[in-house]
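**Q** Structure below; questions to follow.
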């Protein structure tokens, strides 16, 4: 049994016989042509035939995969219509009296070399686009038929030097169980498409073409990036088991994607995602997020030379609200200062930035900046289910002042005739112990709480979370933290309000059962944790966990809590 | 001639999808349209030209249109950059 290692490009296990996808040698000879006009016409015809072929592939991809994947072929079509490519080729045929094949080869090689020389993985991949397009036109010029993967009607794994995007699109998952390529990386077109098609793939295997014959039984382990040739019985059995386990998990998670989050005893909780930009929405929807529990707006302000305008902010907030289609969307107003700085906002250096002028404190100090954000949010509110959240609230006065500004801007907009939603909930982050302790008072005025665990832990334990030497004090399961969390949740429920949690603790395997028992209403985490959390919650009973709460809160240390929950 | 400066705000810079949308929207214009980044100027109607610049996030580019329909062309450029969410200036 032989083993080849490569790069894991798409999850899953495939077991089937090998099918070698040979790349026909397209040799280009330099020839002199007398009738250059006829040659240019011949070239034009090959380009047109290629365009027609690409239109078909593009359409097929849009129908069978997605518009997003089809866009790759839109780019190929643009390359074929590119004046900077076509122009030099026809000039070359004309001026040097050479054949179209040679002119095409020379010109495209120049672009391929240029892209490959770039110090950027992404740009290097663009070289593959140019090669793919060139090969297609060249085949038409030479009258060579390129091997067509869509003709395969046997269960196989495909072995190839490389797969062009147009090859990959023709791979029918019904027959093609997986593929291996000798070149490429995780961001190659073929790797991306494999993940979309959900077929296992290993790329960058280097020696697959030179060592695998047609018909050899091959195991592709797309989880580990391993390839096994001619496996013995025991190995085959082992991988069949691994294949089933993977399929089971995938099926369970896929089933959960469009499901509500319900515990074993039938209690519903909400699983939301934390995002930083509108682009993160894709991940939220792909992972079945029921809400945005935290939209960090500071990314709008970062990496630029001046404040974002009201319009820019409106565009971003509207995009997120529209994308969520009326699902709850909690937007946190600007949380800057502390470890997050803006180059265009010169703030005096502070000895204790985490305890200094940041977040809501800064916004109340600079009301014009704050009002711009509030106006953008209010204007966007008609596009979805907006909830506004103020960060770093320490006193009720701060909340009242921030809310007053919000209501002022709302009244102003309405007098200008701008439509604003009337059902915007206004809540606060609970990340300062004073606020957690006073939660019962806050609960009378706010619409919701969202517990920011990273800061709540840092302020409760008086341990700088950037300081490695005190990192042992970052203890999410410390009973002190859990008791504060309980205080906040209970206070909100007493007033008929709700409590969420953003920060990684909400997606933590040990914390989830505890938080469920404490009555947390909304868990917000990184999108990739959602399905796992939903699966875990479906196996937990809320009533059971409530029964453990008193004991857990009575434990003495973080370690005791962790051990107790692990043994449940 | 009309000229405008844009800041590319997309975290991935000027990548294939927005570049394609931009280039694809310009073939119908008569005007010469160029994009300049770090002293390198390319034909904005050329996808290879645009991608060869490798414009990263946060950088500024100058776009110029010259010809009978230059104003219309610039409007299209602004609209497409906005729609694609790669620049908002």
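Any Cβ shown, glycine's included, is placed from N, Cα and C.
Quantities reported herein were computed from a predicted structural model and do not represent experimental measurements.
Checked TrEMBL, it gives:
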DOMAIN    A:5-126  domain 'Phosphotransferase system enzyme I N-terminal'
DOMAIN    A:153-225  domain 'PEP-utilising enzyme mobile'
ACT_SITE  A:189  active site, tele-phosphohistidine intermediate
DOMAIN    A:250-540  domain 'PEP-utilising enzyme C-terminal'
BINDING   A:296, A:332, A:454, A:455, A:465  phosphoenolpyruvate binding site
BINDING   A:431, A:455  Mg(2+) binding site
ACT_SITE  A:502  active site, proton donor
**Q** Looking only at Cβ atoms, how many others are within 10 Å of the one on residue A:454 (phosphoenolpyruvate binding site)?
**A** 15
**Q** Return the residues near residue A:431 (Mg(2+) binding site) by Cβ distance under 8 Å, restricted to its own chain and a separation of at least 6 in sequence.
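**A** When sequence neighbours closer than 6 are ignored, residue A:431 (Mg(2+) binding site) has A:391, A:392, A:451, A:452, A:453, A:454, A:455, A:456, A:459 within Cβ distance under 8 Å.
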**Q** Please list, for the domain 'Phosphotransferase system enzyme I N-terminal' (A:5-126), how many residues fall into helix, strand and coil according to DSSP.
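**A** Here the numbers are 81 helix, 16 strand, 25 coil.
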**Q** Note the mean pLDDT of the domain 'PEP-utilising enzyme C-terminal' (A:250-540), expressed as a whole number.
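**A** When the pLDDT values over the domain 'PEP-utilising enzyme C-terminal' (A:250-540) are averaged, the result is 93.
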**Q** For residue A:189 (active site, tele-phosphohistidine intermediate) and residue A:296 (phosphoenolpyruvate binding site), what Cα-Cα distance in Å is obtained after rounding to a whole number?
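**A** Approximately 31 Å lies between the Cα of residue A:189 (active site, tele-phosphohistidine intermediate) and that of residue A:296 (phosphoenolpyruvate binding site).
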**Q** I need the least crowded one of these recorded positions (A:189, A:465), counting other C-beta atoms within 10 angstroms of each C-beta.
**A** A:465
**Q** Return one of helix, strand or coil for residue A:455 (phosphoenolpyruvate binding site), based on DSSP.
**A** helix
**Q** Tell me the Cα distance separating residue A:502 (active site, proton donor) from residue A:296 (phosphoenolpyruvate binding site), rounded to the nearest angstrom.
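**A** Given the Cα positions, residue A:296 (phosphoenolpyruvate binding site) is 11 Å from residue A:502 (active site, proton donor).
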**Q** Through the lens of DSSP with three states only, how would you label residue A:189 (active site, tele-phosphohistidine intermediate)?
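**A** Residue A:189 (active site, tele-phosphohistidine intermediate) sits in a helix per DSSP.
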